[in-house]
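Accompanying notes for the structure given below.
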Amino acid sequence: MVTEQEIEAIGKTLVDPKQPLQARFRALFTLRGLGGPDAISWISRGFEDSSALLKHELAYCLGQMRDARAIPVLADVLQDTSQEPMVRHEAGEALGAIGNPEVLGLLKQYSTDPVVEVAETCQLAVGRLEWLQQHPGEATCAGPYLSVDPAPPAAEQDVGRLREALLDEARPLFERYRAMFALRNVGGKEAALALAEGLQCGSALFRHEVGYVLGQLQHEAAVPGLAATLARTTESPMVRHECAEALGAIARPACLAALREHIEDPEQVVRESCEVALDMYEYESSQDFQYADGLERLRPPP
């Protein structure tokens, strides 16, 4: 049983800017796993932070918790134009992930936002909520991954056909996202290489999602594409950061070299992502039981 004091101690680590970013991330994922109103309250307090990376991750976790009590804070973040685009985007995506149709009006309103990543995110979230309404009771988390995705995977299993749908920029973004998650679920080298081709597509939002999905897939065939995208200084920081985190999750020696190369990147979100990714690399390469170890750090060993 987790005590109120323990949740408070983990929450204080999360919101303390003096703590190393890695410790704050581990605290965040611990709170996400614990869930409930106190965890939501602590996570919500972090949106004043100076790190866009941390704030975007706060929004991501609130969406993955799928608790309607997080809707008000996420709606505020989406509407707050002083927040960085990647933070607002993640808040919009999180509102779609929670799956409550009451936010449809708000998401439709921001589907024409002047910030293209925010507009596209809200369009996808509207697509997801409308899909849920048309397919009640149908599992959206089917497959080997537990994440709540911005679009349900396509039923198609053929990698060639899915690749074609993924890379066809004339198709609706929602349809291409469905192909993306289907490729991830199929898995294997061919699917990883098809996804990596998506890192060349036109939409920065799309490219960043490809980076995220390749991190979930953890296939080393994607490492060259991810490393090249991370190294491309003209690329959107939102995309580069996702590629860095994917390299941390894949955790092969070639990933380590790419991450170390950008640990002092002039772009804050890229620099911080490499820090967090190196911590993730360490975890993936270790025998540690879990990454979200906020409770273990509080409790003395038996």
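For all residues, glycine too, the Cβ spot is worked out from N, Cα and C.
Given the structure is predicted, the values throughout are model-derived calculations rather than measurements.
Noted in Swiss-Prot for the protein shown:
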MOD_RES   MET1  N-acetylmethionine
REPEAT    54-80  repeat 'HEAT-like PBS-type 1'
BINDING   HIS56, HIS241, GLU242  Fe cation 1 binding site
REPEAT    87-113  repeat 'HEAT-like PBS-type 2'
BINDING   HIS89, GLU90, HIS208  Fe cation 2 binding site
REPEAT    175-201  repeat 'HEAT-like PBS-type 3'
REPEAT    206-232  repeat 'HEAT-like PBS-type 4'
REPEAT    239-265  repeat 'HEAT-like PBS-type 5'
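Everything Swiss-Prot records as a feature, shown here on the structure.
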residue : record                   : contacts (Cβ under 8 Å, 6+ apart)
MET1    : N-acetylmethionine       : none
HIS56   : Fe cation 1 binding site : GLU84, MET86, VAL87, HIS89, GLU90
HIS208  : Fe cation 2 binding site : SER236, MET238, VAL239, HIS241, GLU242
Between the stretches 87-113, 175-201, 206-232, 239-265, which wins on the count of C-beta pairs under 8 angstroms to the repeat 'HEAT-like PBS-type 1' (54-80)?
87-113
State the non-local partners of the repeat 'HEAT-like PBS-type 4' (206-232) in its own chain: residues 6+ outside its ends, Cβ under 8 Å from one of its Cβ atoms.
120, 145, 147, 150, 173, 176-177, 180-181, 183-184, 187-189, 191-193, 195-200, 238-252, 254-255, 258-259, 261-262, 270
With Cβ-Cβ distances below 8 Å as the criterion, list the same-chain residues six or more beyond the ends of the repeat 'HEAT-like PBS-type 5' (239-265) that contact it, or say none.
53, 86, 199, 204, 207-209, 211-212, 214-216, 218-220, 222-224, 226-227, 229-232, 271-281, 284-285
For the recorded Fe cation 2 site, whose residues are HIS89, GLU90, HIS208, find every other residue on that chain with a C-beta no more than 8 angstroms from the centre of their C-beta atoms, and list them by sequence position.
HIS56, PRO85, MET86, VAL87, GLU93, GLU117, THR121, LEU205, MET238
Give me the sequence-ordered set of same-chain residues, not including HIS56, HIS241, GLU242, with a C-beta within 8 angstroms of the centroid of the Fe cation 1 site's C-beta atoms.
LEU53, MET86, HIS208, GLY211, TYR212, PRO237, MET238, VAL239, ALA244, GLU245, VAL269, SER273
Pull the DSSP breakdown for the repeat 'HEAT-like PBS-type 4' (206-232) and write it out as helix, strand, coil residue counts.
24 helix, 0 strand, 3 coil
By a simple count, how many Cβ atoms lie within 10 Å of the Cβ of HIS241 (Fe cation 1 binding site), its own Cβ left out?
31
Other than its own, how many Cβ atoms are within 10 Å of the Cβ belonging to GLU90 (Fe cation 2 binding site)?
30
